[in-house]
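Right, one structure below, let's go through it.
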Amino acid sequence: MASWNSSYMEVLYYVLGWIAFCAWAICFYPQVILNFRRKSVVGLNFDFAVLNLTKHTCYLVYNASLFFSSTLQRQYRQKYGFDQMIPVAANDVAFSIHAVLLTALTLFQIAIYDRGNQKVSKATIAIVSTTLFSAAVCVFAAMPSHSWLWLVSCFNTLQAFFNFQRKSTIGFSIGYVLLDFVGSTTSFCQMTVESIDQRSWVNFYGNMGKIMLSLVSLFFDIFFMLQHFVLYRSKNMAVSPTTNAEDKASLLETSDPHPHPDHV
């Protein structure tokens, strides 16, 4: 059974992990609070919400399985070495549970609040159906699956395209992006600390699902920040920061036929 060589590294590992958890956890709340305050989800992209829930559900299954299943842990060590530590920490499982609950709450808000004429696109329904079918096939065939990787690419690309189409990031929470960036960066630091202590990089290439997911998220976080702070900064300033949420929604609806999430 693997153990820590340095107690300082172990403490740092857990501190970084829970910092990442806090950053990732907080980023879900602005949209939920805004929906509750307005009693409306007009302006929230439903495709984004559905794909986000599907992605985090897949990630929860992966994290919980590797963290709690002694069978999977044994198979992992048989493949990468019995002296290797399991690359999924308690904060990873806690984040996944929290993410599923918050994204599910967002979908519940979509069901009970004013939706306008918005609906989930057929393309998103097809993507989710394909994901669930693929996951079922993998389970029955006892094959590993990292199906959430291409899914996060889908919903991030969708938001990036909306920003480009409107030449603005008004309606998209930059707070979500900044906190996600902090969480992903801290998570990488956490894994690096473990690798340094164990003198092995197995926890990186043995956990490619988490690594690639974080890399894709970091890429889009940087791209969103570039859009918000550089490319479309002048247009973002056109709406006064003192304008309330309802007025902003009205402005967006009159200036753009496609509704988007309100800026938090």
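Cβ from N, Cα, C; glycine included.
Unlike curated records, TrEMBL annotations are generated automatically.
The following features are taken from TrEMBL:
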| type | residues | note |
| --- | --- | --- |
| TRANSMEM | 12-29 | transmembrane segment |
| TRANSMEM | 41-62 | transmembrane segment |
| TRANSMEM | 93-113 | transmembrane segment |
| TRANSMEM | 125-142 | transmembrane segment |
| TRANSMEM | 176-193 | transmembrane segment |
| TRANSMEM | 213-232 | transmembrane segment |
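Between the transmembrane segment (176-193) and the stretches 12-29, 41-62, 93-113, 213-232, Cβ pairs under 8 Å are most numerous for 12-29. In terms of C-beta pairs under 8 Å, the stretch of 41-62, 93-113, 213-232 lying closest in packing to the transmembrane segment (12-29) is 93-113. Distant neighbours of the transmembrane segment (93-113): 20-21, 24-25, 28-29, 31-32, 35-36, 38-41, 44, 46, 49-50, 52-53, 56-57, 59-60, 63-64, 67-68; these residues of the same chain sit at least 6 beyond its ends, with a Cβ under 8 Å from one of its Cβ atoms.
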